[in-house]
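These notes are about the structure you will find just below.
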Amino acid sequence: MAPRAPPRRRPGPAAGSGAGSVRVLLALAALYGALSLLAYRVIYMRHVAPLGDDAPPGDFSEGRVLRHLHRLSVDIPGRQEGSPGLEAAAQYIKGELEGLAARAGPEYRIEVEETLVSGSFSMMFLRHRVTLGYRNHKNIVMRISSNVSEDDDPSLLVNGHFDSPLGSPGAADCGSCVASMLELSRLIIDSGWVPSRPVIFLFNGAEELFLLGSHGFIKTHTWNSTISAFINIEASGSGGTDLVCQSGPGSWPSRVYAQTAKYPMANSVAQDMFGIIPGDTDYRIFAEDITNIPGLDIIFVLGGYFYHTSYDTLENLLPGSIQARGENLFHLVKAFTNSMLSKENEISNKGAKDGIEDSRPVFFDYLTWFMVFYSRDVSLILHSLPIAIFFLVPLFLKFPNITLMSWSVTLLDLIRGMLLHAFGVILAIFIPAGAAALRLLFTKNAMNWFAHPFLAFFMFVPASLIGLLLPRIAWGLSEQTHFWGAFGLYSVITMAYVLAGLSGGFLTFFISISMLLGHLISIIIKRKWNQRSPKSLVAYVVPMIPCLLYCLYYGGFLIQFLIEKMGMMGSLPKPYGYFVPDIIVGAALGLVVGWCFGPLAPVASRWLSKTSILQGLLQVTVVALAISSQLFPYSTGAPKRVVLQHTYVTDANDIVDSNYGFSVVDANSLEFLFNNAPEAAKWLKDNSELSFEEKYHSDRSSWVALYPVPFLFSGSLKFQAQTDEIRKHYHKFPQLLVQKTWSNNGHRRVHLNLSLGSLSEIWTAVLNVTGPLSNWSFADNMLPAPQPVSGGPPSYICRLSGKSDVDWSFWLEANSSESLRIDVAVLDQYLVDSTKSLKSLFPSWADLTAFTTFFSTYYL
């Protein structure tokens, strides 16, 4: 009897089969979808349950914070400088703190102070120099310490500001900060915890005017010399991850945070990138410009749609965010006071104060579950390992037949794979950027994804995948060459971060190490399974899931943050400025795909680098681009920011001219705005004029009252307005008067007096001095470098803020007989009825910041 042949195993779908490729694509899409959903929930703090206002007194309660916040942002109509609401907020905060002090036990020593700060200094903002003069800005300060503490004991400062920006109720920015600080101070007392070192709470009242409250405190308050560490809390959004955006000097603050925070949300790369964002916080006063105290800058960064708009309301706060922030803060305050002055940290703190800054450490949170923290020295070793492995790989691949020639040939092959994978990543960036630009050639609106962020992913992710997969099709790389080439690319990027002294290399380090782990496990598994079976892909992917999840968490956060900030990044000149936001978002998404899917591409390309798959991805891209072109870019949840300035040009107490100025701070121009705001356009046509001709354009000198913010403007327009309506409310206008003049050998010193007239809701007054200025009485008699302002030669800018019922007296010094020209622009928050009517006619998706400016020019 002949032996029976063994049964044949039914072959599974081959790597090259269409059905197998589609199944792999769908399986990966399902995996990435599930991981993205988890990352989304974490980013928006859905895993944190907020406690109500009936929570036990020993717990931090978001409900109690919201009760304070209702008072600060709803019952009080506005907390802007010059408005009655700012003083009402100060008195509410002071009353709450005094109530805490009155019922605190004898083991506590509690001091509450109301202080007025004044001063003058210069700073850089938006890459332009501005001098600031201020007076009588109110701070509320409270110090909690034990009953045996001394006045000069080293202290921890917790800072937040209670003033709000123009036109905004400031619920998140930064009502949420001061309300959280009120709850935190209550918790310290009601929990029975007595701080081992004093804790100072600074509720500063002038952050929105360029960090004046914190500057005044750190320069003039009697407790300033005791500050040994600080925590600054801020908001550039309505919640989400409360990110540590800046840390230092030195590594101590971030180390304490990593060891302590209950919901750690920190990323050392944020500090590398912070300077790109047009904004600043009080952190720079405490840690950089004035002193170098070690501390943390902790900021709400998502929900940026509402930042500095009228939609920054209680209803738009993201639930759970304040709860997580508060619990973190309580743990941090305990840890800072217990450890900041221990023997092991005294030298570190002294070194930081002496300007000896430790190298930046590397740290990041893993989905707010835990922190990874290691020093710069450790990162030098760890982050060098992948590149070392890359150069050793040819030895293992050729073992035991190792020769210098075989090592060199194999290494060159891997470098070829690295270059081709790099080319794929570049294509993954450029193809969606090109698709974004191409779409704008056939549609009338930019930023259609702004109110629909999910569309950006549908538009650009498939296009990025096409770019990532193309090299495998075009050059026919082997899987081994492709894998080690991709590994080499991420290793080289990691090493580049090390050499540049930056802290962001942890991401590509995590990727390269995870790739190595997945590769080793897949080698073991492949001995049992057919190498061409999708099971071999599973063996590679499963060990990489922790890395992929983090990449999606990190990348999703970055893209959402970027999309939201595109609404306020500035309006660039036509014609190319129109394309910039779409190209940036497309390119950024391509970059994210490069680190989220790039590590899988060498193995998955066996199934996905098929013409049919690329055609499918292209079809999805085209459909998404077509759908996005039909959607409107804005909504009440994602408003367009518009600035309306009603300017009165005055001469003494006469009105010479009056006009409406409009500007926007994103890519869709004023023409787009008025085409989609027909009622406002009709009002302007009936009551003034509405035209987009060149003669109606205004330059940045027309917006000097907002200096240096107008450098974000382009394509501004100016139309005639009524002149007499303002006299029903104000009888005297701002006026600059010469008090006396001193001359000697061609040098002149002119003493001046600026009267603000009967204006009562002043935000700021700006002086723009052009001419042979050699000195002035501001900023300790230190004249900064002149700044260019559109419409005139370089000039010297000074912003003045504070109580308007007292005149400003100052002097200017010139080194020649040539005239000094002084432009005075006073920004007042009062609007006449006609301006209010015009503002009300804009649709709800347009958020208007409106104000009145009184402008006058003097020659001395």
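Each residue's number is its place along the chain shown, starting with 1.
Each residue, glycine too, has its Cβ placed from N, Cα and C.
The following features are taken from TrEMBL:
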- 20-40: transmembrane segment (TRANSMEM)
- 139-332: domain 'Peptidase M28' (DOMAIN)
- 380-399: transmembrane segment (TRANSMEM)
- 419-442: transmembrane segment (TRANSMEM)
- 454-475: transmembrane segment (TRANSMEM)
- 495-525: transmembrane segment (TRANSMEM)
- 537-563: transmembrane segment (TRANSMEM)
- 583-601: transmembrane segment (TRANSMEM)
- 613-632: transmembrane segment (TRANSMEM)
- 638-858: domain 'Endoplasmic reticulum metallopeptidase 1-like C-terminal' (DOMAIN)
Query raised in the report: Are there at least 3 C-beta pairs under 8 angstroms linking the transmembrane segment (537-563) and the transmembrane segment (20-40), leaving out pairs fewer than 6 apart in sequence?
Result: yes
**Report entry** Feature contact check the transmembrane segment (613-632) with the transmembrane segment (495-525), CB under 8 Å, 3 or more pairs
**Finding:** no
Report summary line: Ranked by Cβ pairs within a distance under 8 Å of the transmembrane segment (613-632), the first of 380-399, 419-442, 583-601 is 419-442
Query - Within-chain partners of the transmembrane segment (583-601) [C-beta distance under 8 Å, separation at least 6 from its ends] - result: 28, 32, 421, 424-425, 428-437, 449, 456-457, 459-461, 463-465, 467-469, 472, 482, 486, 490, 507-508, 511, 514-515, 518, 540-541, 544, 547-548, 551-552, 555-556, 558-559, 562-563, 566, 608
Query raised in the report: So which residues does the transmembrane segment (537-563) touch in its own chain, when a touch means Cβ under 8 Å and the partner is 6 or more beyond its ends?
Result: 24, 28, 31-32, 35-36, 38-40, 42-43, 241, 267, 301-302, 304, 364, 366-367, 449-450, 453, 456-457, 507, 510-511, 514-515, 517-519, 521-522, 524-526, 529, 584-585, 588-589, 592, 595-596, 599-600, 603-604, 606-607
Query - Stretch-averaged pLDDT - the domain 'Endoplasmic reticulum metallopeptidase 1-like C-terminal' (638-858) - result: 93
